[in-house]
Amino acid sequence: MQKLAVKIKKLENFHGDLPQYQSLGASGFDVRAQLAGPVVLNPGERAMIPTGLSFEIPLGYEIQARPRSGWAAKSGLTVLNTPGTIDADYRGEVKIIVINLGNEAVTINDQERCAQLVLAPVIQAQFELVNELSDTERGAGGFGSTGRA
(Lines of atoms letter the chains of each structure in order from A and count residues from 1; the text may use other names and numbers.)
(Lines give C-alpha, C1' and ligand atoms only; values in the text may rest on other atoms or scores of the structure.)
Protein backbone atom coordinates (compact mmCIF):
# COMPACT_ATOMS: atom_id res chain seq x y z
CA MET A 1 0.00 0.00 0.00
CA GLN A 2 1.27 3.46 -0.91
CA LYS A 3 2.25 5.80 1.95
CA LEU A 4 2.35 9.61 1.83
CA ALA A 5 3.78 11.93 4.48
CA VAL A 6 1.13 14.18 6.05
CA LYS A 7 2.12 16.62 8.78
CA ILE A 8 -0.17 16.71 11.82
CA LYS A 9 -0.27 19.31 14.60
CA LYS A 10 -1.71 18.83 18.08
CA LEU A 11 -3.56 21.98 19.15
CA GLU A 12 -3.92 23.28 22.73
CA ASN A 13 -7.22 21.47 23.27
CA PHE A 14 -5.81 18.08 22.16
CA HIS A 15 -5.22 15.36 24.73
CA GLY A 16 -4.86 11.66 24.14
CA ASP A 17 -3.13 9.65 21.46
CA LEU A 18 -2.58 10.63 17.85
CA PRO A 19 -4.85 8.89 15.33
CA GLN A 20 -3.60 5.74 13.67
CA TYR A 21 -4.83 3.18 11.17
CA GLN A 22 -6.35 0.19 12.97
CA SER A 23 -5.51 -2.45 10.36
CA LEU A 24 -3.13 -2.99 7.46
CA GLY A 25 -5.88 -2.51 4.88
CA ALA A 26 -7.71 0.38 6.59
CA SER A 27 -8.39 3.36 4.32
CA GLY A 28 -9.44 5.66 7.15
CA PHE A 29 -8.26 6.57 10.63
CA ASP A 30 -10.52 7.59 13.50
CA VAL A 31 -10.38 10.99 15.18
CA ARG A 32 -11.65 11.62 18.70
CA ALA A 33 -13.78 14.37 20.19
CA GLN A 34 -11.77 16.86 22.25
CA LEU A 35 -14.42 18.12 24.64
CA ALA A 36 -14.37 19.98 27.97
CA GLY A 37 -17.60 18.19 28.89
CA PRO A 38 -20.31 16.01 27.36
CA VAL A 39 -22.34 17.30 24.40
CA VAL A 40 -25.99 16.20 24.28
CA LEU A 41 -27.70 16.17 20.89
CA ASN A 42 -31.46 15.81 20.76
CA PRO A 43 -33.06 14.35 17.62
CA GLY A 44 -32.44 16.67 14.67
CA GLU A 45 -29.77 18.72 16.46
CA ARG A 46 -26.25 19.18 15.15
CA ALA A 47 -22.92 20.26 16.63
CA MET A 48 -19.35 21.03 15.60
CA ILE A 49 -17.08 18.55 17.38
CA PRO A 50 -13.45 19.70 17.77
CA THR A 51 -10.68 17.17 17.08
CA GLY A 52 -7.78 19.24 18.42
CA LEU A 53 -5.83 18.51 15.23
CA SER A 54 -4.73 20.37 12.14
CA PHE A 55 -3.02 18.93 9.08
CA GLU A 56 -0.61 19.96 6.35
CA ILE A 57 -1.96 17.98 3.43
CA PRO A 58 0.22 17.68 0.31
CA LEU A 59 -1.02 19.61 -2.73
CA GLY A 60 -3.06 17.29 -4.95
CA TYR A 61 -4.77 15.60 -1.99
CA GLU A 62 -7.62 16.22 0.42
CA ILE A 63 -8.76 14.60 3.63
CA GLN A 64 -12.39 13.48 3.69
CA ALA A 65 -14.33 13.34 6.96
CA ARG A 66 -16.75 10.42 6.93
CA PRO A 67 -19.14 8.93 9.47
CA ARG A 68 -18.15 5.90 11.50
CA SER A 69 -20.55 3.12 10.56
CA GLY A 70 -20.88 1.77 14.09
CA TRP A 71 -21.71 5.20 15.51
CA ALA A 72 -24.41 5.78 12.90
CA ALA A 73 -25.93 2.30 13.26
CA LYS A 74 -26.02 2.32 17.07
CA SER A 75 -26.92 5.93 17.86
CA GLY A 76 -28.17 7.66 14.72
CA LEU A 77 -25.25 10.10 14.79
CA THR A 78 -23.64 10.84 11.44
CA VAL A 79 -21.44 13.41 9.72
CA LEU A 80 -23.75 16.01 8.22
CA ASN A 81 -21.79 17.06 5.12
CA THR A 82 -20.55 13.63 4.13
CA PRO A 83 -17.88 13.54 3.01
CA GLY A 84 -16.59 16.72 4.57
CA THR A 85 -13.61 18.05 2.62
CA ILE A 86 -10.43 19.31 4.25
CA ASP A 87 -8.49 21.10 1.52
CA ALA A 88 -4.71 20.95 1.16
CA ASP A 89 -4.35 24.67 1.90
CA TYR A 90 -6.46 24.65 5.11
CA ARG A 91 -4.43 24.88 8.31
CA GLY A 92 -7.12 25.34 10.96
CA GLU A 93 -8.55 22.85 13.40
CA VAL A 94 -10.48 19.99 11.87
CA LYS A 95 -13.99 19.98 13.31
CA ILE A 96 -16.64 17.39 12.56
CA ILE A 97 -20.23 18.49 11.91
CA VAL A 98 -22.43 15.78 13.41
CA ILE A 99 -26.22 15.45 13.42
CA ASN A 100 -28.49 13.20 15.44
CA LEU A 101 -30.81 11.44 12.98
CA GLY A 102 -32.06 9.07 15.66
CA ASN A 103 -35.20 9.25 17.79
CA GLU A 104 -33.50 9.77 21.16
CA ALA A 105 -31.01 12.21 22.66
CA VAL A 106 -27.39 11.08 22.31
CA THR A 107 -24.45 12.12 24.49
CA ILE A 108 -21.03 12.62 22.91
CA ASN A 109 -18.23 12.26 25.44
CA ASP A 110 -14.65 13.46 25.44
CA GLN A 111 -12.33 11.10 23.53
CA GLU A 112 -15.22 9.39 21.75
CA ARG A 113 -14.37 8.46 18.15
CA CYS A 114 -16.46 10.90 16.12
CA ALA A 115 -15.41 10.37 12.49
CA GLN A 116 -12.99 8.62 10.21
CA LEU A 117 -10.68 10.61 7.98
CA VAL A 118 -9.53 9.37 4.57
CA LEU A 119 -6.68 10.84 2.51
CA ALA A 120 -7.75 11.04 -1.14
CA PRO A 121 -6.24 12.34 -4.40
CA VAL A 122 -7.78 15.42 -6.00
CA ILE A 123 -8.13 16.24 -9.69
CA GLN A 124 -9.13 19.80 -10.54
CA ALA A 125 -11.32 20.30 -13.59
CA GLN A 126 -10.20 22.49 -16.45
CA PHE A 127 -13.52 23.93 -17.61
CA GLU A 128 -14.23 24.38 -21.31
CA LEU A 129 -17.24 26.54 -22.19
CA VAL A 130 -19.24 25.05 -25.09
CA ASN A 131 -22.57 25.76 -26.76
CA GLU A 132 -23.67 22.11 -26.89
CA LEU A 133 -22.93 18.90 -25.00
CA SER A 134 -22.75 15.48 -26.65
CA ASP A 135 -25.95 13.40 -26.67
CA THR A 136 -26.34 10.30 -24.48
CA GLU A 137 -29.10 7.74 -24.10
CA ARG A 138 -29.95 9.19 -20.69
CA GLY A 139 -29.90 12.81 -21.81
CA ALA A 140 -31.15 15.26 -19.18
CA GLY A 141 -33.09 12.62 -17.20
CA GLY A 142 -32.29 12.59 -13.51
CA PHE A 143 -33.69 11.91 -10.05
CA GLY A 144 -35.08 8.43 -10.62
CA SER A 145 -35.02 8.45 -14.41
CA THR A 146 -32.77 5.38 -14.76
CA GLY A 147 -33.73 1.78 -14.10
CA ARG A 148 -37.25 2.07 -15.51
CA ALA A 149 -38.48 -0.71 -17.77
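Note: Cβ is positioned from N, Cα and C throughout, glycine not excepted.
Listed in Swiss-Prot:
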BINDING   Arg68, Ser69, Gly70, Asn81, Thr85, Ile86, Asp87, Lys95  substrate binding site
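All protein chains included, Ser69 (substrate binding site) registers 10 other Cβ atoms within 10 Å of its own Cβ.
According to DSSP, Asn81 (substrate binding site) is assigned to coil rather than to any helix or strand. Taking every pair among Arg68, Ser69, Gly70, Asn81, Thr85, Ile86, Asp87, Lys95, the residues listed as contacting substrate, the largest Cα to Cα separation comes to 26 Å.
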